[in-house]
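K.L.:
Marked as active site by Swiss-Prot: 257, 273. The FAD binding site annotation in Swiss-Prot covers 13, 14, 15, 16, 42, 43, 44, 49, 50, 235, 393, 409, 410 and rests on experimental evidence. The feature tele-8alpha-FAD histidine is assigned by Swiss-Prot to 43, with experimental evidence given as support.
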């Protein structure tokens with residue numbers, strides 16, 4: 001039995017995992033990062049548009065602060081987020097930006113003087129004063145009051161990932177790629193590491209640790225049409241589910257991005273629209289102002305995606321050999337702007353669509369993009385299975401609720417890596433491994449036997465056909481628009497596919513370097529994740545954020561102001577067990593209300609929301625009359641916790 005020991009085990013080599021590894025290594029803890037691929041190829045590198053942080057540096061971000069970022073995030077979540085976690089996030093994001101700058105991220109900087117921008121499809125001159133020169137710049141993104149998204153042209157995730165990975169290397173973090181965690185080792189409700197398969201040799205290795213953190217990204221690849229990389233299959237989430245103890249939160253909350261390139265599915269950043277790009281239909285008409293006259297193309301992603309599909313349903317889609325699509329027009333920005341700030345977008349359009357976006361419109365169609373759901377954790381990032389932590393897209397830390405704002409993803413990845421990383425390091429420093437050898441042997445031998453049984457199986461089912469059918473079922477029935485009959489059909493067929501996945505036969509009988517074997521053990525896990533999504537969507541009879549039920553079109557704050565918790569306590573069951581965690585209105589800093597999109601009466605109000613809003617107004621007016629500043633008012637409305645090193649107030653231009 002091969003065993004490796006460490007203080008801190010991080011599963012996943014993207015931004016969240018690597019930043020958490022920095023936190024533990026800085027505390028003198030021996031840290032191992034496991035990754036399916038070389039870490040600098042992680043999906044974090046695909047993030048283009050930027051990272052939200054309320055610096056308030058540029059002219060168009062004047063007056064920005066944590067309060068505005070917090071309000072945008074809560075409204076964007078459709079009041080589904082944990083507001084205390086959202087506060088932790090917005091307070092730490094400016095610190096993260098500056099830390100990354102110190103580590104070498106070449107943030108795009110402000111140039112003093114006049115510059116031309118496209119706002120609402122009109123050329124506008126913005127004048128940046130001399131005192132702003134050289135400060136970190138920001139661009140506009142959907143669902144925000146200020147231009148808050150800091151960026152490095154349109155390669156933000158790439159530069160951030162390289163900087164954090166290099167910091168790990170500098171600190172001596174042990175990074176091991178081509179390693180896949182296939183089960184968590186746990187005893188008496190505590191996690192002590194993972195059983196890992198070497199993807200090259202096929203060896204099964206036990207990694208024993210004082211604490212384990214999962215940061216394996218989202219589960220987009222359960223869908224056919226997705227912007228996610230091929231490694232984003234949700235198996236990191238699934239191994240937590242398979243413990244029978246850890247729970248998954250809000251798995252039905254799946255975001256569809258408005259502007260993936262059609263039909264390839266490669267993302268064209270929200271920065272295209274933030275910089276002034278517009279959406280057009282088959283007639284060349286700019287249609288978003290018809291639906292959302294205030295925010296237009298920069299409404300929240302769930303809203304824009306729905307409006308696009310509605311418009312196609314009205315017969316305004318562009319016909320193509322691959323299906324219908326709409327147009328993204330960034331030609332109005334001019335070639336210089338595109339070649340300076342949207343270079344990756346230009347290359348993607350040229351390589352994968354054969355067009356120059358400075359001259360022609362790009363074909364786009366909403367596709368699956370982000371997973372708001374994940375391993376449910378507390379504010380410290382710890383799951384119900386003690387000693388198991390999670391961060392980034394793999395987690396339901398729950399600062400996104402039922403819809404994520406653009407730019408809050410890579411921001412959360414780094415900020416969660418910082419905050420959760422501190423709590424994770426504290427846990428690892430104060431924990432001893434109390435694991436019996438026979439328990440360790442049981443987990444390792446169990447996985448060795450499972451791999452052997454898969455290659456020796458006489459099963460008749462084709463794992464590739466099962467996987468492809470799962471993707472079709474999810475696309476057809478659990479997409480942007482949902483309803484009871486389609487969701488019932490999805491749950492029924494996914495359950496049948498899950499049963500079939502237990503009877504697969506594979507032709508390649510090797511235990512090493514065998515992609516067919518990998519599919520054989522991954523697909524049942526992916527189907528469990530897909531069932532959590534579909535069953536959660538079926539049972540949630542309301543529309544909230546990215547979860548849109550055409551048969552229940554209103555947000556229901558009386559019955560559904562809660563968080564879905566999915567678990568799989570019995571390995572023999574074929575459907576997840578669902579329960580719900582109430583969101584306490586009386587602890588919210590912003591009471592549930594009108595989100596700002598569509599009809600004002602399109603939600604069922606909870607009477608507690610009215611009462612809470614009255615309390616908020618009373619506290620605020622009394623403290624303002626007493627001369628208290630916004631920080632004191634915020635503390636009175638909703639206290640929250642942060643690691644000591646991140647509690648300091650953020651400084652901005654014009655602060656007194």
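Yeah, the Cβs are placed from backbone N, Cα and C, and that goes for glycine too.
For the listed features, I'd like the structural context: burial, neighbours, distances.
P.N.:
When secondary structure is read from DSSP and collapsed to three states, residue 257 (active site) falls in the strand class.
In the three-state DSSP classification, residue 273 (active site) falls within a helix. All protein chains shown were included, and the count of other CB atoms within 10 Å of the CB of residue 273 (active site) stands at 27.
Every protein chain shown contributes to the tally, and the Cβ of residue 410 (FAD binding site) ends up with 27 other Cβ atoms within 10 Å.
Around the Cβ of residue 43 (tele-8alpha-FAD histidine), the number of neighbouring Cβ atoms within 10 Å comes to 23.
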K.L.:
In angstrom units, rounded to an integer, how far apart are the Cα atoms of residue 257 (active site) and residue 43 (tele-8alpha-FAD histidine)?
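P.N.:
Given the Cα positions, residue 257 (active site) is 16 Å from residue 43 (tele-8alpha-FAD histidine).
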K.L.:
Just name the winner among 42, 44 (the binding-site residues) by count of other CB atoms within 10 A of its CB.
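P.N.:
That would be 44, with the highest Cβ count within 10 Å.
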K.L.:
Which Cβ among the recorded positions (13, 15, 50, 257, 393) has the fewest C-beta neighbours inside 10 Å?
P.N.:
257
K.L.:
Whole-number answer please: how many Å between the C-alpha atoms of residue 43 (tele-8alpha-FAD histidine) and residue 393 (FAD binding site)?
P.N.:
11
K.L.:
Find the longest CA to CA distance in the recorded FAD-binding set 13, 14, 15, 16, 42, 43, 44, 49, 50, 235, 393, 409, 410; express it in Å as a whole number.
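P.N.:
Max span of the FAD binding residues, Cα based, is 27 Å.
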K.L.:
When DSSP states are folded down to helix, strand and coil, where does residue 410 (FAD binding site) land?
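P.N.:
Where residue 410 (FAD binding site) sits, the three-state DSSP reduction gives helix.
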